[in-house]
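See below for the structure under consideration.
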Amino acid sequence: MRKINVFDTSLRDGEQMPGIALTVKEKLEIARQLERLGVDIIEAGFPASSPGDFQAVKEIAETVKGSSITGLARAKKSDIDSAWEALKSSAEPRVHVFLATSPIHMEHKLKLTPDQVVERAVESVRYAAEKFPHVQFSAEDANRSEWPFLKRIIEAAIDAGASVINLPDTVGYRTPEEISKLFEFVTENVKNIDRAILSTHNHDDLGMGVANSLAAISAGAGQVECTINGIGERAGNAALEEIAVALQIRSDYYQAKTGLKLSELKRTSALVSRLTSMNVPGNKAVVGANAFAHESGIHQDGMLKNKETYEIITPELVGATSSLPLGKHSGRHAFKTKLNELGFSGSDEKLQTIFSAFKQLCDKKKEVTEDDLYALIADATDDQDSTAYELTALQVTYGMNHVPTATIRLKKQDDREIEEAGTGSGSVEAIYNTLAKMTGGNYSLADYRIQSVNGGEDALAEVHVRIQADDFEQSGRGVAHDVLEASAKAYLHAVNRVIARKHYAKREMAKVES
């Protein structure tokens, strides 16, 4: 049975999704979880695109050793040099060089002739191969490229040193049948294809990203590029969890498998969802809240008699089962053991912070579940360097015939406390108007979402917001037993991240000028 390499691009292509802006520490946390999942290759970012991306790729390359780390680079020596500086400490450095090959891209974007495109591809791949032991060449918009030209440039790239050839459906246009024909053509007609691994990368614009990826695997692809929860620009990318489970459940058909630890899928999905503030739909295949729910009486009866009547995927396979909940009598050692099982690897100081929050929650809830713990971990592991303001007190007064008023106290980084009151048409607006006044930012609320971490009257509230700040959007999240407190925390989290992002940009600009 063939082994399919899994190339996760959640931290690069996935982060291009509008509203996602991860910090370096958040990217590192996701990368560590991808390593635990068993991902073969992690595309950590685009080092030449910004100082922040460079730093994230560099830190991930220095920290994660169980997966191969790669970075994106245009077919330019400066991009490849930047990628090398960021990735050279990786256990197995590799670079992902891309160049457009479709007529529309060559003519209107690159403004190059086909001969010039081949020349640039060869030059860049050869240069990259002098530095990196593994070079991947992507023919951008391959699925709208002319096949004879595609054959020519693939052969040239392999001769120049490319060990992986990626054929992306950049705009999500093709059908599974068309993808199959393309990969069969390349496999049968590219004379030196035996010296490279074929890779597939599919977008989901027509809802066929996963189907196209599986079709490519059937037609000879040995590597699949995908993202957790299918995140990505426009309609997103092919979802890693769906591809992996499809190959597992239908191994009889595909005769292929991954090396993933599938029991980490649910945990990985939850982490990415929380850090990106992108909710997973309840009916999402494999990792959605309803993926293993059966409401129909006939279905429930069948499930009680034999689970295989209506369940082709077990919750245990993807790690969707909930273990026994913790309670107020649980000790620190048992709590630490449980957090380690969930993938937490923070300092003792951070552990104590989460443990204290856990004990406070136990006073309000009879049972604390894994979902609660995930929320507490996410709330406590934010980058402390970005905490310009901390919420210390919140009081909201409202009634049917009264104007909602919020009184808020914040602590600044220098430990000074400030207090302010403000009004709004509703309680949440009163809170946000007051916070905007206190932080001095000209922010507009782009999105506000609330969800309970789990069911029940005593459930934790988790609020996700996106605020518009100048020319970019920034997400924030807040968790609390009270929805108004969670709302305040979410807004403040987003504001703190905006401030940290601006300070970082100023520091990098100062370095350049000096």
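Heads up, the Cβ atoms here are built off N, Cα and C, so glycines get one too.
Quick look at what Swiss-Prot lists:
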type    : residues                      : note
BINDING : Asp13, His201, His203, Asn237 : Mn(2+) binding site
DOMAIN  : 4-266                         : domain 'Pyruvate carboxyltransferase'
REGION  : 390-514                       : region 'Regulatory domain'
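Feature map: annotations from Swiss-Prot on the structure.
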| residue | record | contacts (Cβ under 8 Å, 6+ apart) |
| --- | --- | --- |
| Asp13 | Mn(2+) binding site | Glu43, Glu225, Thr227, Gly232, Glu233, Asn237 |
| His201 | Mn(2+) binding site | Phe7, Thr9, Ser138, Asn166, Leu167, Pro168, Asp169, Glu225, Asn237, Ala238 |
| His203 | Mn(2+) binding site | Pro168, Asp169, Thr170, Val171, Gly172, Gly209, Gly232, Arg234, Ala235, Gly236, Asn237, Ala238 |
Shell of the Mn(2+) site beyond Asp13, His201, His203, Asn237, same chain only (C-beta within 8 angstroms of their C-beta centre): Thr9, Pro168, Thr170, Asn202, Asp204, Gly209, Glu225, Cys226, Thr227, Gly232, Gly236, Ala238
Confidence summary (mean pLDDT) of the region 'Regulatory domain' (390-514): 86
Cβ neighbours of Asn237 (Mn(2+) binding site) where a neighbour is any other Cβ within 10 Å: 31
Residue counts (helix, strand, coil, in that order) that DSSP gives for the region 'Regulatory domain' (390-514): 44 helix, 55 strand, 26 coil
Where Asp13 (Mn(2+) binding site) sits in the secondary structure, as DSSP reduces it to three classes: coil
